[in-house]
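Chemist: First the structure, which I've put down as structure tokens, then a few questions once you've had a look.
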Amino acid sequence: MASLYFVTGTDTEVGKTYCTAKTVERMRECGQRVGVYKPVASGCELRADGQRYSVDAATLWQAAGRPKNIDAVCPQRFLAALSPPQSAAREGVKVDTRQLRDGLAIWCDGDFDVVMIEGAGGLFSPISDDWLNVDLAIEMKRWSDQNGHSFELLLVAPDRLGVLHHVISTSRAAESAGIPIAGLILNRMDDHADESTQTNAEDLRRWCGIPMVASVRQPSGPLVVFSGPNGRNASGETSRETAGGVNFLNQTTIRR
């Protein structure tokens, strides 16, 4: 059965796609068969051949080695750079809420050890007229439990002053929804980092007890995975092994 990871952010434009792609590449280097699924994308480009091009979906597909086809990676693609339901409304249609979840099944056919699912925006951003991202994650976890797959959240947040509140509130909301968190990636979006970047990772490990905390030191730099003393997390427990024996990023530095 597959290990499923739902990637969400504390906001939009925090580097979810970059971090997801780097994670996918590392897992493939470790011998994992990785599928990628982006249920819906907005802000797509309309090509001359009439195809809708999502740079995020294409980036994930390329990182995974181009499995299946781009329509399986991202079956719903809209043009306006708005939230998915607003972007769809501009075209006189609605996001197909059920397809958001049902499109996952094609990636859980036994061909993949790991499936990375990238949401749209933050955990409480609307993804359709009926659901927020958290609602989709809950539905996917329910489906995963019924079909014998594991399901966890991977959180991406900007590494800057104020991130403690955003990560703690998001992680507690996820836990209240019954969604376990596999890890956190802090993305340093600005070359001029503030002083909080020296302590954010350690503070979040202590306050959240998240098993894995990583940091992208710049958008073009390496992804460095931090661990607690003796490879233990903030709660003192040995880090969980997921993704077919890979301890998520396994204290690995991923270089662009």
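Glycine too: its Cβ is placed from the backbone N, Cα and C atoms.
Just so it is clear, the model here is predicted, and its values are computed rather than measured.
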Chemist: From the candidates Asp56, Asp71, give the one listed by Swiss-Prot for the same ATP site as Glu13, Val14, Gly15, Lys16, Thr17, Tyr18, Glu118, Gly119, Ala120, Gly121, Asn187, Arg188.
Modeler: Asp56
Chemist: Between Ser42 (substrate binding site) and Asp56 (ATP binding site), what is the CA-CA distance rounded to a whole number of Å?
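Modeler: For Ser42 (substrate binding site) versus Asp56 (ATP binding site), the Cα atoms are 10 Å apart.
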Chemist: Quick check: of the recorded positions listed here (Thr17, Lys38, Asp56, Arg188), which one has the Cα closest to that of Glu118 (Mg(2+) binding site)?
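Modeler: Answer for the nearest of the recorded positions: Lys38.
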Chemist: How many Å separate the Cα atoms of Lys38 (active site) and Gly119 (ATP binding site)?
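Modeler: Computed Cα spacing between Lys38 (active site) and Gly119 (ATP binding site) is 6 Å.
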